[in-house]
Amino acid sequence: MTNIRKTHPLMKIVNNSFIDLPAPSNISSWWNFGSLLGICLILQILTGLFLAMHYTSDTMTAFSSVTHICRDVNYGWLIRYLHANGASMFFICLFLHVGRGLYYGSYMFMETWNIGVLLLFTVMATAFMGYVLPWGQMSFWGATVITNLLSAIPYIGTDLVEWIWGGFSVDKATLTRFFAFHFILPFIVAALAGVHLLFLHETGSNNPSGLSSDSDKIPFHPYYTIKDILGVLILILALSLLVLFSPDLLGDPDNYIPANPLNTPPHIKPEWYFLFAYAILRSIPNKLGGVLALVLSILVLALVPFLHTSKQRSMMFRPISQCLFWLLVADLFTLTWIGGQPVEHPFIIIGQLASILYFMLILVLMPIASLVENNLLKW
C-alpha cells in the first residue's frame, strides 16, 4: 500500500514541501532563517489575534485598552510583549535572511527574490501600522510624520495624505483604518510567503558554494527539520529572555505617554528596525528627494540581480566582494545608529556619508569588484 502522505492531495503538498523535499547536503545555518520567519509570522498572528480581542481602535480608549491588556487580562502583559518583541525578532531574522541572499547569490532566483522584496515592503507596512495602534506619543507623531511624507508627491500629494488620514489630521478615522489594515496584512504576508516557497521549490534551494547541487541532494526530513528545530529553540530562548527580563529595551519611553497632538516629542523616531531607512530619508534636505531615497533604500534590492556581473554566483570564493559586503553591513549599523540620533552636527554629515556609501556599494562598487575578480581569475 502506498504511503498516505504521498497520495492524499493535501498531505502530498506538505510532503513535497517539508518531508521528501530534495535539499542540498551542504546548506549552513544561514538557511535556517526562512523557517524562523515562518515561526515568527505564526507567533505574531496568534498573539495579535488575542490582543485584538481586547483592543479598541478608538482614539479615546486605545491607550487605555492596551493598559487594560497589560494590567487586567490574564497573561495580557506576556501576549503584548511577545507581540512587540516578536516584531523585533521578525526583523532580525528578515535582515539576516536578506543578507544571506545577497552574500550567496540567492537573488539569481528572480521570482523568489522579487516576491521576497515585496514581502519586505508588506512586513514593513504592517509593522509601521502596528506601532500606531497603542496611541502613545511616538505612535501618533510617527504616524503624522511618515504619512505626511506622501504630501511630497507632486500634484496629488496633499489630497493623498488627507485621503489616508480620513480627515485633516491623524485622528479616529486614521486609527480605525490602520487597525483594519494591520489585521489583514499578516494574512496577505502569509499568502505571499506561500508563493515565495512555491517559486523556491520550482528551482530548489541555493547553497553556500553557489554551484548546482543536483548531484548531491538529501531529504529535508529528518536532516533539516532537526536543524530547523535547533534554530527555533534558540529563537524562543532569545525572545523569552527579551520579553521576561527587558521587554521595553527596544521600545521608546515616549510611547507610555498618551498621544497629545498639542505636544511634540523632542526626538521623533521609528522603531529600531526602520532607523536605517529613516537616516537615509533625513540625510537629504529636500522632502521629495528624501522620500525617493527612502523607497529606493529597499527597492534597490530588486535591482541586485541585474547588477550581478560576477562569473560566480556566491561570494564564498570572492574576497574583494566579501570585504565590500561586510562594509555594507557596517554601513547599515552606522545608519541605524544615526537614525536614532538628533539632527545636529556631527550626525548630519555622518548620515549623509553613510547614505551615499550605501547606494554606492550596491549600485557601483560591488558590480565593479565582481568584474575585477573575474579578470584576476582570467575569466
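Placed from the backbone N, Cα and C atoms, the Cβ positions cover glycine too.
Counting only same-chain residues 6+ beyond the ends of the transmembrane segment (33-53), those with a CB under 8 A from a CB of the stretch are 69, 79-80, 82-83, 86-87, 89-90, 93-94, 96-97, 100, 130, 182-183, 186-187, 189-190, 193, 228, 231-232, 235. Under the heading transmembrane segment, Swiss-Prot lists 33-53 (among others), citing similarity to another entry as support.
The transmembrane segment annotation in Swiss-Prot covers 77-98 (among others), and the record cites similarity to another entry as its basis.
Listed in sequence order, the residues of the same chain lying 6 or more apart from H83 (heme b b562 binding site) and placing their CB within less than 8 Å of its CB are Q44, T47, G48, L51. Here Swiss-Prot flags H83, H182 as heme b b562 binding site, drawing on similarity to another entry.
Residues annotated as heme b b566 binding site in Swiss-Prot: H97, H196. Note on H196 (heme b b566 binding site): other Cβ atoms within 10 Å of its Cβ, all shown chains, come to 21. DSSP gives H196 (heme b b566 binding site) a helix state.
Residues annotated as transmembrane segment in Swiss-Prot: 113-133 (among others).
The feature transmembrane segment is assigned by Swiss-Prot to 178-198 (among others), with similarity to another entry given as support.
The number of other CB atoms found within 10 A of the CB of H201 (ubiquinone binding site), across every protein chain shown, is 14. According to Swiss-Prot, the feature ubiquinone binding site maps to H201.
Using a Cβ-Cβ cut-off under 8 Å and counting only residues 6 or more beyond its ends in the same chain, the transmembrane segment (226-246) has close neighbours at 29, 32-33, 35-36, 39-40, 78, 81-82, 85-86, 88-89, 93. Under the heading transmembrane segment, Swiss-Prot lists 226-246 (among others), citing similarity to another entry as support.
For 288-308 (among others), the entry in Swiss-Prot reads transmembrane segment, with the evidence type similarity to another entry. Outside the transmembrane segment (288-308) by six or more residues, the chain places 98, 102, 105, 107-108, 110, 113-114, 117, 120-121, 124, 149-150, 152-154, 276-278, 280-282, 355, 358-359, 362-363, 366-367, 370 with a CB less than 8 A from a CB of the stretch.
Annotation source Swiss-Prot lists transmembrane segment at 320-340 (among others), citing similarity to another entry.
Look at Swiss-Prot and you will find 347-367 (among others) tagged as transmembrane segment, backed by similarity to another entry.
With a cut-off of 8 Å on Cβ pairs spaced 6 or more residues apart, the transmembrane segment (320-340) and the transmembrane segment (347-367) reach 3 or more such pairs and are scored as touching. Note: the CA-CA distance between H196 (heme b b566 binding site) and H182 (heme b b562 binding site) rounds to 21 Å. A Cα-Cα distance of 17 Å separates H97 (heme b b566 binding site) from H201 (ubiquinone binding site).
Tertiary neighbourhood of the transmembrane segment (77-98): same-chain residues 30, 33-34, 36-37, 40-41, 43-44, 47-48, 50-51, 66, 69-71, 116, 120, 123, 127, 130, 235, 238-239, 242-243, 247, 250-251, 271-273, 301, selected by CB-CB distance under 8 Å and a gap of 6+ residues from either end. DSSP assigns H97 (heme b b566 binding site) to a helix in the three-state reduction.
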